[in-house]
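S.K.: Under the heading domain 'GOLD', Swiss-Prot lists 53-138. The signal peptide feature in Swiss-Prot is assigned to 1-21. Sequence annotations record features per position, and here Swiss-Prot assigns topological domain 'Lumenal' to 22-200. The annotation topological domain 'Cytoplasmic' is assigned in Swiss-Prot to 224-240. Residues or ranges marked as transmembrane segment in Swiss-Prot (evidence: sequence analysis): 201-223.
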Amino acid sequence: MFPLLFVAGLVVLNLVSSARSQKTEPLSGTGDQSLFRGADQHDFAIVIPPGGTECFWQFAHQTGYFYFSYEVQRTIGMSHDRHVAATAHTPQGFLIETSKNVRGQINFSTHETGFYQLCLANQQNRFASVQVYLNFGVFYEGPEMDHKENERKQLNDTLDAIEESTRKVHYNIFHMWRHYNFARMRKTADFFLLQSNYNYVNWWSTAQSLVIVLSGILQLYFLKRLFNTPMTTETQKPRC
């Protein structure tokens, strides 16, 4: 009796461990319609209204690496506060990380398959919108870079070496592209800041020039009034 119970326990443990090792793939939907997962990389700019929040969803497998970069390029309105709050959540809704700054990055490994949520909140600005540039996505390392392939074909040593070199080059180019996008964020933000300072200096210089000209006209007017002597006649003489 005891050996049978022992064997049954081993079978149950094996089933549980195999179930845990499987990927948490989402449901494909009703019928034969496949689930739309979108692209793996995205970069674009978005305008968030005062006190507003914008959220995005990115699909990722549990063996990937997620990256998220943002840069507040400029403010549109009465306020000049460029700080925003960025958050990342798991497919189950749990908070992964929060970033509250003008620019920032959120990077993490994906431990479950599903749609990860990214949110940007402009809660500190009640009277100004912010333009934010985003760059986020997911990439995979190793043999699981292409999840559409069920199994890889066996190649000879020469083709394997070429494939490995190509994969490394592709991996390095991808990370160069990431750093280039982050540098482009900074460049665009600096351009908007330079343009804002240029307009500020021009308007301030124009205002100061008008004040100087107006003060000169007023001084000339009062000086003329000070030295202006009225014409006197025999009947109209100034009294002592």
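Heads up, the Cβ atoms here are built off N, Cα and C, so glycines get one too.
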S.K.: Using a Cβ-Cβ cut-off of under 8 Å, list the residues of the same chain that are 6+ residues beyond the ends of the transmembrane segment (201-223) and lie near it.
M.R.: none
S.K.: Over the span of the domain 'GOLD' (53-138), count residues by DSSP class, listing helix, strand and coil in order.
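M.R.: Tallying H, G and I as helix, E and B as strand, the rest coil: 0 helix, 60 strand, 26 coil.
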S.K.: I'm checking region-level scores; what's the whole-number mean pLDDT for the topological domain 'Cytoplasmic' (224-240)?
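M.R.: The average pLDDT of the model in the topological domain 'Cytoplasmic' (224-240) works out to 67.
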